[in-house]
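Trainee: Once you've had a glance at the structure underneath, I'll fire off some questions.
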Ligand SMILES: NC(=O)C1=CN([C@@H]2O[C@H](COP(=O)(O)OP(=O)(O)OC[C@H]3O[C@@H](n4cnc5c(N)ncnc54)[C@H](O)[C@@H]3O)[C@@H](O)[C@H]2O)[C@@H](O)CC1
Ligand SMILES: Nc1ncnc2c1ncn2[C@@H]1O[C@H](COP(=O)(O)OP(=O)(O)O)[C@@H](O)[C@H]1O
Ligand SMILES: [K+]
């Protein structure tokens with residue numbers, strides 16, 4: 001698991017160590033230099049003679065870059081620091097100069113920007129130490145001008161040096177992952193003490209490259225702000241069936257999905273639930289669609305009975321589209337019944353409350369407030385519609401710009417756990433926030449969301465009672481489903497296009513791989 005803490009939490013954890021005289025900056029900068037040296041060796045075989053540019057801001061982030069530059073200069077690199085502010089870390093500058101590094105004071109001669117950009121762009125490696133966790137808002141002043149010019153130069157020539165961000169890519173929203181101004185995209189981020197939320201959250205996470213964390217021995221307390229599950233976390237908590245299990249302990253998934261116009265979604269969802277290890281999949285939508293589903297997957301039972309999780313809505317048209325179509329094959333009514341059962345409102349006839357996955361058209365069927373063991377799985381457009389229907393003045397671009405904020409708002413407004421799909425999938429529930437980046441861009445294909453709904457339905461059915469009793473776990477299960485789904489997409493056709501049904505078909509092998517590693 002990768003855990004990210006806010007800038008304020010990191011500062012609070014650093015404080016006692018600094019008071020005790022622990023040399024945090026020396027440790028951080030030495031570790032940074034070691035990583036950069038490894039990259040330089042991998043890319044050009046030697047540190048000696050490598051051209052390294054340091055982009056240096058006013059604070060300790062610039063200090064880290066300067067000290068790391070001094071270590072690299074000591075190993076024979078040709079290091080040039082570009083100072084963007086009249087304030088800089090004096091000790092770092094002195095160390096760099098002593099080690100033979102050069103300093104360019106961009107802040108006194110902004111007309112040298114063009115020459116500086118050419119030199120930086122021609123170097124073997126760039127350390128971005130403009131701002132770190134002390135940043136206030138988007139980059140401004142000479143730092144902003146420098147990054148804007150470097151980005152333009154990269155766009156024009158196509159040649160971009162290897163960029164290592166110091167702690168975070170300068171200018172990202174450290175705590176919220178926002179990108180409100182110019183940011184130099186990094187190939188790697190060396191982050192100190194622990195990951196920061198902006199390194200996991202979109203859109204900033206897409207600018208961080210590979211993230212390496214340097215342990216500074218910070219005693220971070222309390223829950224992390226954002227988590228990212230890794231394969232081992234998912235494997236550890238997977239409910240592997242034993243000799244005493246039978247199909248009902250494994251979990252029965254009830255599916256209300258698809259219509260006569262969109263039967264494929266029902267096939268994809270049911271197939272994914274079967275493939276992800278459900279004890280049984282019951283198709284509870286309309287009979288016409290049910291025949292298609294059973295034709296495709298003979299394991300599916302199209303009859304009423306016990307259900308340990310519901311999946312409602314894939315391929316079911318939402319509001320206006322449903323009205324235009326004239327009919328929804330009765331799926332809205334069946335979906336409402338499934339959701340009422342999941343909320344525990346039909347107790348006596350359908351057993352106690354159970355988790356539910358609510359996707360696509362199912363989102364239209366929700367009561368104002370729903371239990372936290374309901375996992376809503378909108379993409380950004382659907383989340384926007386959901387929020388607007390609850391009085392929020394929000395546009396799709398706002399959701400794209402601040403996915404965590406708006407997923408959290410939807411959680412607050414509905415009470416549900418919310419999984420917001422995207423290149424980085426963000427989950428928010430009573431158990432906290434997760435950001436998963438497991439799937440390739442190829443996964444952005446029609447039907448992939450239906451597959452995710454089926455996988456998640458099976459995973460929730462296997463932990464039905466546990467999730468209802470401890471709804472904080474719903475977010476973790478949802479994040480785990482995103483991980484399995486994304487990795488299955490990779491496994492389907494590494495490096496090339498994937499089809500949604502192939503992703504579902506790759507799920508069993510992916511789960512076996514997780515459990516055996
Ligand atoms: N506290 C510590 O002892 C440690 C801090 N470390 C480093 O120190 C960093 C934090 O240092 P600071 O608190 O000095 O803060 P930063 O170095 O992140 O930046 C603050 C400085 O940047 C300027 N600035 C703020 N927002 C700006 C913007 N939008 N555009 C342009 N300039 C802006 C301000 O003038 C301020 O002086 C961490 O990110 C990490 O790199 C590490 O060395 C580990 C130990
Ligand atoms: N750029 C991307 N990189 C990786 N995965 C993505 C990307 N864009 C979307 N996805 C994933 O693809 C799936 C698309 O789901 P969705 O939008 O519901 O499509 P559909 O409704 O056609 O099934 C989601 O799981 C989402 O997280
Ligand atoms: K930085």
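Yeah, the Cβs are placed from backbone N, Cα and C, and that goes for glycine too.
Okay, so TrEMBL annotates it like this:
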type	residues	note
DOMAIN	5-224	domain 'YjeF N-terminal'
BINDING	60-64, 132-138, 167, 265, 315, 379, 450	(6S)-NADPHX binding site
BINDING	61, 128, 170	K(+) binding site
DOMAIN	230-514	domain 'YjeF C-terminal'
BINDING	421, 422, 423, 424, 425, 449	AMP binding site
Trainee: Which of the binding-site residues 421, 423, 424, 425, 449 has its Cα nearest to the Cα of residue 167 ((6S)-NADPHX binding site)?
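Mentor: Of the binding-site residues 421, 423, 424, 425, 449, 424 has its Cα closest to that of residue 167 ((6S)-NADPHX binding site).
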Trainee: Using C-alpha atoms only, work out the spacing between residue 60 ((6S)-NADPHX binding site) and residue 449 (AMP binding site) and round it to an integer in Å.
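Mentor: For residue 60 ((6S)-NADPHX binding site) versus residue 449 (AMP binding site), the Cα atoms are 44 Å apart.
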Trainee: Which one is it: of the binding-site residues 61, 63, 128, 379, whose Cα lies the shortest distance from the Cα of residue 422 (AMP binding site)?
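Mentor: Closest candidate to residue 422 (AMP binding site), judged by Cα separation, is 379.
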Trainee: Which binding-site residues are spatial neighbours of residue 61 (K(+) binding site) here, meaning Cα within 10 Å, out of 133, 136, 379, 423, 425?
Mentor: 133
Trainee: List the Cα distance (Å, whole number) between residue 379 ((6S)-NADPHX binding site) and residue 421 (AMP binding site).
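Mentor: Approximately 5 Å lies between the Cα of residue 379 ((6S)-NADPHX binding site) and that of residue 421 (AMP binding site).
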Trainee: Could you work out which of the binding-site residues (422, 423, 449) has its C-beta surrounded by the smallest number of other C-beta atoms within 10 A?
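Mentor: Among the binding-site residues 422, 423, 449, the sparsest Cβ neighbourhood within 10 Å belongs to 423.
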Trainee: Quick one: of the binding-site residues 170, 421, 422, 449, flag those whose CB is under 6 Å from ligand 3, and say none if nothing qualifies.
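Mentor: List returned for ligand 3: 170.
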Trainee: DSSP on residue 61 (K(+) binding site), three-state: which is it?
Mentor: helix
Trainee: Rounded to the nearest Å, what's the C-alpha distance separating residue 425 (AMP binding site) and residue 133 ((6S)-NADPHX binding site)? Just drop the number here, would you?
Mentor: 24
Trainee: To test your reading of the K(+) site: which residues beyond 61, 128, 170, same chain only, put their Cβ within 8 Å of the Cβ centroid of those residues?
Mentor: 55, 57, 62, 65, 129, 130, 131, 132, 165, 166, 167, 168, 169, 171
